[in-house]
Amino acid sequence: MMRSVAWAALSWRVFWLSLLWTAVSAKQDKPKIDSVMLEHPPLNLNYFEDSDVIVFQDIEERNIYRSEDAGFTWNKVKELPDGGSAFLYLHPFESSTAFVLTKDRKHYKTEDRGKSWTEFDSGSMPSAFQPDTLIFHAGDPKRIIFNGMNCDGIFCDEETTYTLDGFKTIQPLRPSTSGCWWAKSNTEFTTGDEDLDKTRILCIVTDPLSIFKTSQKLCVSDTFFKKENNGKYQEFEPTLDSNRDVTGVVSLAAVKSFILVASSSANSDEMALYVTSNANQWHRAMFPSDDSHDHSHQINQEAYTVLESTNYSIQIDVMTSHPSRPMGVIFTSNSNGTYFTENIPYTNRNIKGHVDFEKISGIQGIFLVNTVENGKDVDEGSAEKVVVTQITFDDGRTFEPVKAGDQRIHLHSMTQINNIGRIFSSPAPGLVMGNGNTGKSLGKFDDSNLYVSDDAGVTWKQALEGPHKYEFGDSGTILVAVRDSAKEDVDKVSYSLNYGDTWESVPLPKDLKIRPALLTTTQDSTSLKFLLIGEHDKRYHMVALDFEALEKSTCGDKDMESWNARVDDKGQATCIMGRKQTYKRRTKKADCFIKSNFKDPEPINEPCDCTDADFECDYNFQRDPEDRTVCKRVGSIPMPQGACKDKDDKFKGSSGWRMIPGNQCKRTKGAQKDDEVERKCSEGGGGNSGGDGSSPSVPANGEISHKKNDFDSEALDMQKYYLIRGDSSSGTDETIIARPIGERTGNSVQVENKVWLTSDHGKSWKRILDQEDIMKIFHHDYFKDVMFFSTKTDKILYTIDRGQTFHSFKTPVASDDFTLSFHPDKKDWLIWVGKHCDDVSGSKSCFPAASISTDRGDHWKTLVRYATKCEFTGNSAYKYRPLTQIVCLVHQEENLESPKTIVTINDFLADDKLIHNGTVASFATMNEFILATDEVTEAGKEKAGLQAIASLDGQHFEAAQFPYNFHDSHSSLYTVLDSSNHAVNLFVATDLSDGRRRGSIIKSNSNGTTYVLSASNVNSDEAGYVDFEKVAGLEGVTLINVVANPDKKDGKKEIQTKISHNDGAEWDFLPPPSKDVDGKAYKCSSAGDSKCALHLHHYTERDNKRRTFSASKAIGLIFGVGNVGSTLGEMKDADTFMSADGGINWKNVKKGAWTWQYGDQGSIIVLAERATHGNGAKTKTVSYSLDEGETWNEYEFTDKEVTILDLTSVKTGAARNFLVWCRSDSKQLFSVNIDFTGLTDKACEYKDDASASDYELWSPKHPLQKNDCFFGHVAKYLRKKKDRKCFNKATLSLLHGYENCECTRRDFECAYNYELDNHGQCSLVPGFQPLSGEEWCKQNPNETTWFEPTGYRRLPLTTCKDGVELDKTSDEHACEGYEDEFKRKHRTSGWVIFFAVVIPIGLAAAIGWYVWRNWSGKFGQIRLGDNSSTFDSDQPWIKYPVIAISAVAAVAAAMPLVIISLWRSATGVYERVSNRSRGGNWSRRYTTRDSFARSDYSMVDDDEGELLGEESDEEV
C-alpha cells in the first residue's frame, strides 16, 4: 500500500525539483531519475501499447495502480472497487482496452488506457480450470470468449459465454466444455474465409457419460453452437487424424498461423499433437524416426515446449532425458506444421520446461541456443552438464560458436532468466546483449559479465563487469543496464549511447540502494523512458528514468546508415534465409536520438536466387556425417494415399531435401533440389499414420503366417509382460518382456535369471539385462509402457520407452520386497517404503520409513518415519483432494509397539499432516475411495473389533452403513470387487469353512454412503478370490457363480452361474443353447432356470488369473468353459461356449476346454487346446474364426504335436498377432507368432450409407426389455460386418453414439435396507421398518426434504430421463426448519452437500486393494488388523480378518467403454491464484455435483504379469 506520507513527500519533491529544473536544464547531462516507494510488489506490470501509460496489480491489496508518465507518478484506480481486483488483462488487439476481473460476475473494462472504467456482467465467475479466462478475437476486438464457471456452493460447473460487442451483451455457448477458443486467436491465422474467420469457434467438449479427460473431444462451430429443435448443437467434430477418431483432447494452443491440439490416452503419457493452418484440414505432427539417434523423439506430457515460432513453421523442444537432468531436442516443422525435422539435440532445459533458446528479434533465421556438450554422458547419469552456447544464421540448419574476438563466450539464457521480456534482443535492429563468460563452457551466473553485439550476434564484446539486467531504448541508441545482485547494494544505473562501446552511470535518487527485481520499457523498445523496480528493506521502489532530459537532437538522414543483417568478409550484404535484409539505424557516433516513439523498425528485403544453403534434410533424412552434402534416409518416406498396392511398385517421394521453412529465395529454372524422385515401395511408410499400429508394412498376400522362436532355457514355462500402448502413441511396436519360470512352491516360483524382449510380438527376440541379477519385474501401475526390475541389491532398473533403453536408481533404504508406489498422473513420482536401520554403539535398531522422489529415483527425501505403507491419493481426476496428497499407515508415537493410524500428508511436507483420531489396522485405495478399518470397542465387550471407515477427501473418515442385521450373519472377511461403475461392490464372507466358502455381494450407492444386498451365496475360495467378473466394455454386465446348496454343511458345493444386465440389481441364469457343436440336443432345455442353464467355470478355478471372459475392444463377445445342466460339472467334462451379444444368447463352439484370445476388435478369434492339470492335450493347430464364431478354421503352426502352455495377445483384443507358448516332447520351450495381418491390408471404413459401410451399428440389450435401452440410453457400437475383408484400425473408437431413454424398472435397484423378494420386487429386510420422515431428517441433519420410501433407488450408471421414476413418489416433504426453503422449490445448497457428503462420508467396509506387496509377494491380499512385527511377513493370513481382491481381471475388463480412461490432464484449482501470475486467493472447489457424487472412477488394470499374473509377484 502506498502510504499518504510517501505521496506527500513525493508531491513536495516534485515541486522542488520543478524549480530546480528551470535553473539547471541547460546543463543537464544525465537522464532524469526519480523513485516511488510501494509496500507490496507490483505484479502483472504492463505498458499500454504505444503509450507511456503503465498499470500494475497489487496482489495483496487486490487493487490496480496506474501511471501516465512512464512510472514517475502513480495513482490507485479509484473507479474499481477497493480490494476487488483479481485479474488484470490488457487486450492484445486493441491497445487502449483492458479488463479487470473480480472473483464474481461483475467485472470492469477501460477503453481509454485506464482513465475511465465501466462495469459489465459476464454471467459467470472466471474459470478456475482454464489458463486464460478471456479469449480475444484477433480480427474483431469486440468479440471475446469468457471461460467461466458457475459456483452456487462448493461445486463449480464450467460454462462458457461470448460477446460480440465488448460485453455490452453476452450469450451462452455450448455446455459441457473444457475451454473454448476463436479460430482466429492470432492475427497471422486465417481459415481462408473472411466469414469463417469471424465466427469459427473451437471447444474441447466433455462426454456427458464420462468425466475423464480421455473422453474429451474437439468440436467446431460456425454458428456459436446454436441449438437445433432436436436438441443437438450445430457443430462438427473435425478429422484430426485420418486413421482414427481422436478423443482425449486435453489442450489447444494458437501459435502464430497454426493451431495445435494435444491429446492423451490411458496407459501412457505419450501425447499426440495435431496441427492445422486453416482450422479445416488437420494433421498429426510427425516426428522423425529415432532409430539412428542416441535419444528418443517421443512427445510426452510435461516434456515438450512449443518455442517461439514463425508464420511459416513451428519449433518444438522435446525433452528426451531424465527429468532431473533435463535436456531436449529442437524440431522444426515444414510449412503446414506436419513433418518435423531435428535441428539440434541435447538442448539445455530446466525442470520447469524452460529451454535455452531465443530468436533474434526482427531478423529472420537467427537464434541462440545452449546445448549440453556431453549430453550422452549426462543422460547416462555419469557426468554433470557442460553447457555451451551456439548461434545459427539459417534457422537451425547449421550452428556456430559465439565469440568475442578469438575467445568463445557462453551466455545464460531462459533457464536462468533474471528479467521480464526477451532475454537477448529487442526490436532494436542488430542489438543483442547477454550475461556470460569466456572459456570452454558456461559458468556460474554470479561470475558472468555483460556482453553486447551490434551485428545480430556475429561478433561480441564485453560491456560491463558482472551480471546485469538490461534493456534497449530509442530503437537501440540507448542501452541501459543495472547490476544484478542478491543483496541490496545496487546504487546506480549504467547506460550507453553508442551501442555499448562506452558506458556512463547515473546514481539512484536519495542515496537509494536496492536489490534489482526487474528493468523494463515499452514493448517496441522505441521509448526514451525506462522503469526499474527494486527492493530495499522489504519495500519496493519504482525508479523511473527519462533520457529526454539529455535534450539530444532528433536524428536526421546524415545520422543514419544502412545496416545489413548479414555481411561477408568484405562487408558486403549476403543472403540469409533467401534474402538480403537491410535496416536503417543510427550511426554509432551520431549524437542524437531517433525519437520515433512507438514505431517499429521496418526492414528492406531483397530476394536471392536459391542455392544449396536454402535447403535442409527432409523428414526422416539426416546429414551424412562423412559427406555433409548428402541427406541419407533414416526412416520411412511418406508416400501418397493408395500407392504401393503391389510390393514391386514404386512411388514419387522426397528427394531427401526440403526448402528451409520460411526461406524466401527465388527459384531458378530447371530441376530443383527438393523435386520428388522415384522411390521403391520398401522405402515408403504410412506417412501421417497417427500411430495406428495396425497398418501392414508389406502388402497383404491373403495368408496367415507364423514364426517360431526357441528359448535357451530348461524352465517349465514363461512369464509374459505386455507393454500396453495408449491410443495417442506414435509407435507401432508390440512389445513383450518374458522370462523362464520353473516349479511353484506355495506362493513362490523358481525363475531363471534370463530376460527376453520382443518388439514385433514374438517374431524376433533378444536377450536383455544379461549382466543384471533380476529378481522381480513390475509394470508401473498407471503407465503401462514403463517397467521396473528389482535386483538383489538396492539397485532398481527401469525402462520408460518400451525396452529401447534402460536406466537405474538406488533405493533410499533396504526393503524385504518391491515396495514402490506410483502416482496416477506423474510418471516420475515414486514412494519407497523400507527399513531404516541405525547402529549406535553396537546396538542395531530398525524401523520402517517412507521416502519420496519426484525425479524417478534420482533424489530421495524422507517422507515419514515408522510408516508401513504409503500411497499417492492425489489424482487430477479427484477435485476434492490435492494432487500432492499422500496417505500413510504409521505407528503412533514413532514406536513399533504402538498401534497404527492413518496420516494424511499434503504437498509432500511431513509437517503439513493430518493424523486420524483412531487405531487403524490397514487401509487401501480403490478408485476415488480411501478405505480402512478402524479398531473399536463395542459396548459391553472388552475386545476391540474392526469398523469399516472410508473417505473421499483423505481427511475425513466415517463409518459405513450396512443393511440392517447384516453383520449378524456375515464375517469380517471382505473382498473388494470391481468398483468402476460409480459404486463399491463388496464381497462379505458368510461361510468360512473349508470347501464351503461363500458370501454376499453388497453394493454402495453412488457416493458410497450406504450398502444394499446385490447377490447372496456367491462362491469364493480359501485364498479370498470370488467368482465375480464384469464383462469388458459393456456397462453393468456381470457374471457370478453362486452356491446352490448353501444349507448343506457337508458335501461338495453345487455351483450355478448367473448374469446381471443391470449392474447387479437383478440376476438371471444363462440360457443354454439348444444343441451342441455337433448338432445334438442337450438333455435339458429352457430359457435358463435353476433346473437347466449354462454354467461356466469361473475365476476361482483359473490357473491363469489373467484370463477373462471378454476383452474391452471385442464388444459383446464372451467366451467360457462349462456345461449345460442344473449345476456346474467337472472341468474334464467341460466344453467351450461363446456369446456374441453380451451374454443373452450362447452357443457351443468346441468340445473340450479351450483357451481363447480376441484380435482385431473381435473380428479375429483364436482358440487353442491348452494343456491343464487334468488334460495333457497335445496339438499342432489352433482354431480361428473371422466371423464372430459362426465358422471355424484350423491353422497348423508346427509340424509336430506339442504341448500348448498358453495363448496370448494384446489384452484389449485389438492386435492381429498372437503368440502360442509351447513345450516340445524334448522339453524345449518355444513360442510361435501367428500373424493375421497378411489376410488384408485394407482398413475398414465407416460410412453413413449402411450398405456401403464396412460396419454395422450394434447395441447391447437387456433380455427383459423390448427396446435397446441399456442403463437409460441406447449405446451404438461399431462392429465390422462379418463378410468384409478389411481390418479394424487399432485406435478405432467403438462407441459411435448414444441416446437417452425414459426410465423403467431396469433403471432402479433396491434401496438401503430393502432386498429382492421371490417375486423380484424390493421388500424390506426382515426386522426393519421404514424410517419416518422425522427419523430420516434426524439421521440426515443436512437434508432439507424427504420422500416417502419406495424401496427403490436409481442405478448409479443409468442416464435415463423422466418416465417411471421408482425412487420418487408424488409426496415430497420438507424437513423441520426447512419449510421456507422447500417453498422456494428447494435449491440444494453446496454447503449442505458439503456437510452431508464430504465430511460424513460413510462408505464401504474394510476394503482391499488389488495387490498386497508386503507379504511374501502373495498376490491379491492385504492384511487388516495385523499387529505383528512390521517386517514379519510369514504369518498365515487366516489368523486375521483379511481383505482380498477377487477377479481383478474383471476390474480392468469391466470399465465401461465410454469411461475407459486412466490418464487425465491435470485440472487446476485455485490454491493460490498467484501461481497464474494474475494473483488472487481462492478457495478450492469441486468441479460439478455429478463429478462429486459419482466421482471419477479409474480403471484398475489387470495387465498381464502385473496385477493378475501372479508369477510377477512370486518369490524368487
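Using N, Cα and C of the backbone, Cβ positions are placed for all residues, glycine too.
Sequence annotations record features per position, and here Swiss-Prot assigns compositional bias 'Basic and acidic residues' to 671-682. Here Swiss-Prot flags 683-693 as compositional bias 'Gly residues'. The repeat 'BNR 1' feature in Swiss-Prot is assigned to 108-118. Annotated repeat 'BNR 2' per Swiss-Prot: 390-400, in sequence order. Taken from Swiss-Prot, the feature repeat 'BNR 3' covers 451-461. According to Swiss-Prot, the feature repeat 'BNR 4' maps to 495-504. Taken from Swiss-Prot, the feature repeat 'BNR 5' applies to 756-766. For 798-807, the entry in Swiss-Prot reads repeat 'BNR 6'. Residues annotated as repeat 'BNR 7' in Swiss-Prot: 852-861. Taken from Swiss-Prot, the feature repeat 'BNR 8' applies to 1137-1147. What Swiss-Prot records for 1184-1193 is repeat 'BNR 9'. Annotation comment: Swiss-Prot describes 1-26 as signal peptide. The feature topological domain 'Lumenal' is assigned by Swiss-Prot to 27-1390, 1463-1516, with sequence analysis given as support. Look at Swiss-Prot and you will find 1412-1441 tagged as topological domain 'Cytoplasmic', backed by sequence analysis. Taken from Swiss-Prot, the feature transmembrane segment applies to 1391-1411, 1442-1462, supported by sequence analysis.
Away from its own ends, the repeat 'BNR 5' (756-766) comes close to residues 707, 709, 711, 733-739, 802-803, 1215, 1217-1219, 1231-1233, 1235 of its chain (Cβ-Cβ under 8 Å, at least six residues beyond either end). Using DSSP to sort the residues of the repeat 'BNR 8' (1137-1147) gives these counts of helix, strand and coil: 0 helix, 4 strand, 7 coil. Sequence-distant contacts of the repeat 'BNR 2' (390-400), counting only residues of its own chain at least 6 positions beyond either end whose CB sits under 8 Å from a CB of the stretch, comprise 313, 315, 330, 332, 343-344, 364-371, 457, 566, 576-577, 613, 616, 660-663. A Cβ distance under 8 Å defines the sequence-distant neighbours of the repeat 'BNR 3' (451-461), meaning residues of its chain 6+ beyond its ends; these are 360, 363, 366, 368, 391, 402-405, 409, 411, 424, 430-436, 479, 496, 499-500, 565-567, 588. Summarised as a single figure, the pLDDT of the repeat 'BNR 1' (108-118) averages 97.
Counting residue by residue with DSSP, the compositional bias 'Basic and acidic residues' (671-682) contains 2 helix, 4 strand, 6 coil. Under DSSP, residues within the repeat 'BNR 3' (451-461) fall into helix, strand and coil as 0 helix, 4 strand, 7 coil. DSSP states for the repeat 'BNR 9' (1184-1193), grouped as helix (H, G, I), strand (E, B) and coil, give 0 helix, 3 strand, 7 coil.
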